[in-house]
Amino acid sequence: MNNLKLGVEVVGAHNLMPKDGQGSSNAFVELHFDHQKFRTTIKEKDLDPVWNESFYFNVSDPNNLPNLALDANVYSNNKSNQSKSFLGKVRITGTSFVPYSDAVVLHYPLEKRGIFSRVRGELGLKVFITDDPSIKSSNPLPAMESFLHANSQRTQAQSSMRQAPNFISDPFSNDKGGSRRTFHHLPNPNHHQQQPQFADAAIQQPVAYGAGEMRSEPQAPKIVRMYSDSSLQPAEYALKETSPFLGGGQIVGGRVIRADKPASTYDLVEPMHFLFVRVVKARELPTKDVTGSLDPYVEVRVGNYKGVTRHFQKTKDPEWNTVFAFSRERMQSSVLEVVVKDKDLVKDDSVGIVRFDLHEVPRRVPPDSPLAPEWYRLEDRKGEKRKGELMLAVWIGTQADEAYPDAWLSDAATAVDGSVPSANIRSKVYHSPRLWYVRVNVIEAQDLVLAENTRFPDIYVKAQIGNQVLKTKPVQTRTMNALWNEDLMFVAAEPFEDYLVLSVEDRVGPGKDENLGKVFIPLNSVERRADDRIVHSRWFSLQKPSSTDVEETKKDKFASRLHLRICLDGGYHVLDESTHYSSDLRPTAKQLWKPSIGVLELGILNADGLHPMKTRDGRGISDTYCVAKYGHKWIRTRTIIDSLNPKYNEQYTWEVYDPATVLTVSVFDNSLLGDKDSNGQKDMKIGKVRIRISTLETGRVYTHSYPLLVLHPSGVKKMGELHLAIRFSCTSTTNMMYIYSRPLLPKMHYVRPLTAMQLDMLRHQAVNIVAARLSRAEPPLRKEVVEYMTDADSHLWSMRRSKANFFRLMSVFNGLFAVIKWFGEVSMWKNPITTALVHVLFVMLVCFPELILPTVFLYMFLIGLWNYRYRPRSPPHMNTRLSYADAVHPDELDEEFDTFPTTRNPDLVRNRYDRLRSVAGRIQTVVGDIASQGERVQALLSWRDPRATVIFLIFCFMAAIVLYATPFQVLALAAGFYVMRHPRFRHRLPSAPLNFFRRLPARTDTMLIGPKDIQLTPVVLWQPQGLPNSSRGIDDVVRARRLKIMIRVATHGGVTLVDHLGPNTPPITEYSNEVQAPASVVEPSS
């Protein structure tokens, strides 16, 4: 029996519009849900009415609950004419309903009913769902009830109020042990997922509902909606929308419902309170050693957590200027102790101590000025004043404090007995270096000096910048001059610290080259350009090959010289990530940058259900941090140690210059905090999220829980969920619309385009340069992190990705295939009425051809309007079905995770090569068939088949006469009616033109095909239950027809597949990993 009910508590309204002509209103609320209607009592002469009345609706179909909506209409009762005036409405969709334990009172702004409606104010509602059988639904109002029944309304409201205590007794009774109630039967599976939120944001509830008990612990926002790009996407891998309480208020459906308190600067994260302690310096510290020296440092201790500054040697007036931040959630003490100690080899001595009562620490909220530090006299353990003073500043603030990014964080560190290097756990903002393309045009060399004159030299030029090495083509010359005129492209980063080194070399023999001279050119002296203007060439004198120092270039020169044209190309965008998900498309030269079109704000809230990535003290743990990249700006959150549900609550902003860009956010495990031998000292990837800016609506706040999906050798695996809040604010809508008409890449990519091979090589070099620069920061952003964020290895071969791209291509053409199928049914008169209507439409379009294009564009316009109802409400996310990750074979995954070059055993590599040959054989056959059709078209006029060409020429001459004498509309009508003729006028045999075309000669008979020794070996790839082992021979193919068994006929150098084993069996599209060589089709009767 269905006991599911929707409970609605109408708390009150605020600042309503006066409607009675006397500056007031007689307000009441009508509730509509699932064909049921309830009404509150009327509050006379009150613009801020308070009802505190509860109603319960029956839910007829729990599975349809997300598609229902609750409508709350506020009216004013007019006693004079027994009518009602509209004051506003609130509509709450079914995806926002939560269980009672998670429900809070929300004040919804009243909305208009029409264009000319005048409304204002807010309506406070508490909406929840329950399956408590002891609760009875309220009595719905009759359909034609009037205001004459006001007394019955009051009686009904009072009876519904009396039912409320019965509802409360169950979820909060003592026998429950204070546990929260979970509704496991809810139709929307998202309601089982929870995300953290602030308990402070809960609004005061009526006493009857036990609000104090609800606020005893932080409540989690409910997942209110789930989206999936495909209906076949598993629910656990789908995106989930949440409604968390953030700094600006609660997020419901992308809108911010403001709280009573003012919004902070960090309005996309939950406010987290920290105790900040700034240790500035000390003076006149007493000595503790016999020698009179002092090595002071400061230890800040709060409960079980402590922070330590660095120590200074032999000084009484040290200066630290270090900030510590202790999370208030983890503090278990009310006293702050700041101890000055003397560093010693055996035991550190205490110099003095300063104590603070945490209840008396002031609060600071930016933009207040920073708290000024003060001098405090040191005390001993007994509280007596001692010599020496310490300058401190102590305050309570949030992560919006400017001291937060550089502070030592207690929530990112272990307890007192743990040692964590603070440099590796701190949050950081990085800026990747500005990258330039270096174009080296090697023109010629003159007056080369050879060691031997007994042969013609084979000259080439080798150019090198850092680890990048390129060579020109070798040129054989009979003189001592060589000409190349060849371009070499490199990647360089500012500031330019490297040299461009060019060496002219002579290939003496295999593996033996002789250096004829070198040139050292500093990159900071190379000319820069932002367009394709010609750069003047220069002659450079070669240095003797024995010289290795740059300074020797000026004094060690000889007659040989090299002609070069070198420039730094700033008109290109240096690609360090794929163009499909690039985060920046601007050119290198800043003078070519356009103004920004908006601001992207990202709030990294928390992660849930992370998998342990390592072990410590015999238990699985994770020390996680997040990395986000957009444009040149990289951010790294602080590392949360020993937590599988870390809370980051860090907010960052980026300027947006192009909407066709992608924000990338990843989660990693910090391996530097683990054992020395764990994970090979590499930060392990936990998952990645990509968000395309063009899919975000302007001004809307997207709060979603993103599943962290990682592809392992065993298959796709969910490593947890990452909770993000994203908002894109557009500063200029006109500029953003104009950008859609501009080229995706800068002008130089089209004026002087680079080849695909060059772009791939340059992208690889750019990733290496960025990784090298960021790895030298503090804390370092390691190379494996940069490569994972930029997908450095995405260009390598993968059978899984090849299949996924093939199915993507098929899905693109699904619409065309559907139209072709529909037209085939029309032509076959499957539905005579539809065929007749198509004939009428065809006649109209032929008679009035000027209507064709308007009809097509109007049809597309109407389709777009229709699809607006089904538009995606969330950013797209990783789709396992689209990626073909849920049905991939383990051997294909093992091949994808193999290194390049391969490290697998030769037998396995041979099998994979044979499988690749089989796939390539199919592609080879398709390409050959397409070429054959084109050759048949060429054969029409090539006289390769004289009789066919004569027939075609006669047809062309007759067709020219007929087309000249007959109007085009008549021919079009005749052709259309012929194509759509009735089946009784059709023949099963192919038409004469098709037969004529198929008889035309192709060039396949002139191609060489190597003979192959075929040896048949029957192998059963799959056998259904109940099939005897004897049914494994080729002779049993016909007998296996009804069993639809797949049998492979293996050959030496070739493969034959039994492709149709029954009249309704679809063709085989997936093959075993053991399939070898090209495949063909053998009919079952063979």
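Residue numbers in this text run from 1 along the chain shown.
Backbone N, Cα and C atoms are what each Cβ position is placed from, and that goes for glycine too.
Database features, via TrEMBL:
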type: DOMAIN; residues: 1-108; note: domain 'C2'
type: DOMAIN; residues: 256-376; note: domain 'C2'
type: DOMAIN; residues: 416-540; note: domain 'C2'
type: DOMAIN; residues: 581-706; note: domain 'C2'
type: TRANSMEM; residues: 806-824; note: transmembrane segment
type: TRANSMEM; residues: 836-866; note: transmembrane segment
type: TRANSMEM; residues: 950-979; note: transmembrane segment
Please list, for the domain 'C2' (416-540), how many residues fall into helix, strand and coil according to DSSP. 6 helix, 69 strand, 50 coil
Given a Cβ distance threshold of under 8 angstroms, which distant residues of the chain, six or more beyond its ends, lie next to the transmembrane segment (950-979)? 827, 839, 842-843, 846-847, 940-941, 996
In the domain 'C2' (581-706), how many residues does DSSP assign to helix, to strand and to coil? 14 helix, 63 strand, 49 coil
Can you tell me the mean pLDDT for the domain 'C2' (1-108)? 87
When the domain 'C2' (1-108) is classified with DSSP, how many of its residues are helical, how many are strand and how many are coil? 12 helix, 56 strand, 40 coil
Residues in the domain 'C2' (256-376) grouped by DSSP into helix, strand and remaining coil: 3 helix, 55 strand, 63 coil
